[in-house]
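Inspection log for the structure reproduced underneath, given as structure tokens.
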Amino acid sequence: MRRMRGVALTAIALTGALSLVGCAKDTGGGKSPSGGTAAGQGCKLSPKPDVPATAATSSTTPEKVDGSALKVGLAFDIGGRGDASFNDAAVSGLDRARAEFGIKPENVKEVTASPNEDEAAKQTRLRQLAQDGFNPVIGVGFAYAEALKAVAPQFPNTRFAIVDATVEGAPNVTPLVFAEEQASFLVGVAAAYKSKTCRVGFVGGVETPLIQKFEAGFVQGAKAAAPDIKIEKKYLTRAGDFTGFQDPEKGNQAARGQIDAGADVLYHAAGASGKGVFSAAKSGNALAIGVDSDQAKQPNLADVKDVIITSMLKRVDVAVFDLVRAVARNEVATLPKTFDLKVDAVGYSTTGGKVDDIKDVLDAYKAQIVTEKIKVSDKPGK
Amino acid sequence: MGTLRGRLLPPVLAIAFSALLCTVTLMVSGANPASGIAAMVTQVGEGSVAVDIVNSAAVYYLAALAVAIGFQMNLFNIGVEGQFRVAAVTAAIVGAAIDLPAGLHAVVVILTAAVTGALYAAIPALLKITRNVHEVISSIMLNAIAAGVIALLIREDMFGELRGSNIGTHTIPESGWVGGIGFGDRGTLFGLVFLVLVIGVGYWVMMNRTRFGFELRASGESPTAAAAGGVNARRMILVAMLMSGAVAGLVAMPELLGRDHTYLITSPAGYGFTGIAIALLGRNHPGGIALGALLWAFLDKSSLALDNVGVPKEIVTIMQGSIVLSVVIAYEVVRRVELRAERRRVGRQLGANGGGTGNGGATPAAATAGGAS
């Protein structure tokens, strides 16, 4: 029954899309997809930045790493393995490390948080991993920061790591933080280039400092490429209410509002709510930009993948893999302080080939950021 | 329901039933129930888990007591959740802003929390007595508003500060902390656990030994009879909601003053709803709620061990849900069985007193009707 309805809906959507395409042909094109104000020319774009001398790529020696003695513990925030996002990225990094370094399956443990649990539960989870001899122990998500502050000093010989946070005063906690604003800058440039109405949108899941980094980078990137561009911004929920990451309907509403206001390229940093942003973009004839992983490749987004022009990549897998390798080789100090564009731990995806025509522009901006000719702020301007 | 059997049998039946249900669920999903249960029980002896259970139970106890005070008066204060969170963030802000000698500082923070909780509960109470708005509707909406209020208060440009990728209130200075009883590696028992005990005893005394408690229960059981007896129903609603809100306001205090010292946007939510479940489980009785809270905390904390033996720990959520559901059913079943037994006893006595066979014939029919309704 459900499938039948899905088929019917798809059929209707397809017919709609086809007839719209037909209309566009009839009027000879040039009409903005959302019926917005500006002509179809898009923004007046800034000149493409110069490409500086090629940045030196860090040479990674393919030295054999033996991880057979390694025991790796992964403590997830809510969601865990199978969330098709953040946690799964960590999993794939660990899986790669397991395959390449020969870590024994019984020496890997993944544990997951429950919704609304207190600090004691997080501490117990980390403490048990450390007690059972897991080393490194990786907390996936900034929610583990306070718990690590308490637990890490009790196990000075265990290497802890935390994704998306730094823990001060605990030298055995390695921060795995990303320059989300840098990659968001690049997709902001892409949005400015792809917008026909010179108006783009940002949909954030929850208004937290972390998600504000995405907003900050996106806005700077779009403005760098097109100083006149208008940017719609919307957060689905306020800080403290984390439903904004899990509510596709809210994402859909917000995206539809932005499309109605004339935006035709939407960037979301809203976790599972992003699905709603994509479907709104599809039905509103707009384009969308994914987040964290290459969303055009995700099986559960196959029906909207044609509106996803690119995705901002946050390679949690790279960070986890690098950390495990560094622990195995006993060289944690060499890990980058921030996983940024320079080490290709953040970036943008090209699946679908929809940004291939502006790839040289994006790479030029990337080179500017890597050589620090452009500095991207991680806080949104007032 | 006065008999001991009538009080104890339903929860025991409910726990047994939900354990059975979980065993079946685990077996169907291919996991080993025995190893899961064994892991949960041995977990209690591990590290700080035993102390964590008591700490958690104290928090749940306050939440359930707040709900129970409303239940006694037939008020469903579903807004405990919002009341406790608004109170927690307000108390955290006040605690960080003031500078008082040790001891007094904590007392002021605790009073702030109680007053804030009571004030937030006063909104649905006033709406009910003046505009006859049902407290379930108004208080559940105030829960959503509470989330917005907290987000506003905790902003960096209001009273919050950035902590890495997190936002929280400023740290309460040490003079405002409430020390606990340390057990070394076994964890630290919150000092406020003892305040919780005092509140529990106070609740029992108030309900059973004071005129006010009697009036409260009377208004709950029969508003018309209470009104006829000279009880001011509106005043009772207001007072009951204020007390419920004040206790709700204290819910986060053990964790705030005993461990966290700051309110973060990731601080736990949901205690208000846990409180509803535990109040149902404990039948609003201070002792019953204590056992319910301990059981709940045990399930929550020892479930961490299930990951270790490859049993999905979500099974505990199923167990908690089925306990609440089956305890409600079990109370009803036991009530009817007892009612039937009582009727039979009365019928027998009437029969023995020469009431004739007609009565004896009527009793089973009445019992059947009672059982079917």
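Note that Cβ sites are derived from N, Cα and C of the backbone, with glycine treated the same way.
What you see is a predicted model, and the numbers here were worked out from it, not measured in a lab.
The following features are taken from TrEMBL:
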| type | residues | note |
| --- | --- | --- |
| TRANSMEM | B:57-75 | transmembrane segment |
| TRANSMEM | B:82-98 | transmembrane segment |
| TRANSMEM | B:104-127 | transmembrane segment |
| TRANSMEM | B:136-154 | transmembrane segment |
| TRANSMEM | B:187-206 | transmembrane segment |
| TRANSMEM | B:237-257 | transmembrane segment |
| TRANSMEM | B:315-334 | transmembrane segment |
| REGION | B:349-373 | region 'Disordered' |
| COMPBIAS | B:352-361 | compositional bias 'Gly residues' |
| COMPBIAS | B:362-373 | compositional bias 'Low complexity' |
Annotated stretches the transmembrane segment (B:57-75) and the transmembrane segment (B:237-257) touching (3 or more Cβ pairs under 8 Å): yes
Positions on the same chain near the transmembrane segment (B:136-154), where near means CB under 8 A and six or more residues out: 76-79, 81-83, 85-86, 89-90, 93, 120-121, 123-124, 127-128, 160, 167-169, 263, 265, 272
Other parts of the chain folded back onto the transmembrane segment (B:237-257), taken as Cβ under 8 Å at six or more residues beyond its ends: 55, 58-59, 62-63, 65-67, 69-70, 72-73, 75, 77, 79-80, 83-85, 87-88, 91-92, 95, 106, 109-110, 113-122, 124-126, 128-129, 135, 172, 176-178, 190-193, 195-196, 199, 212, 216, 263, 267-268, 271-272, 275
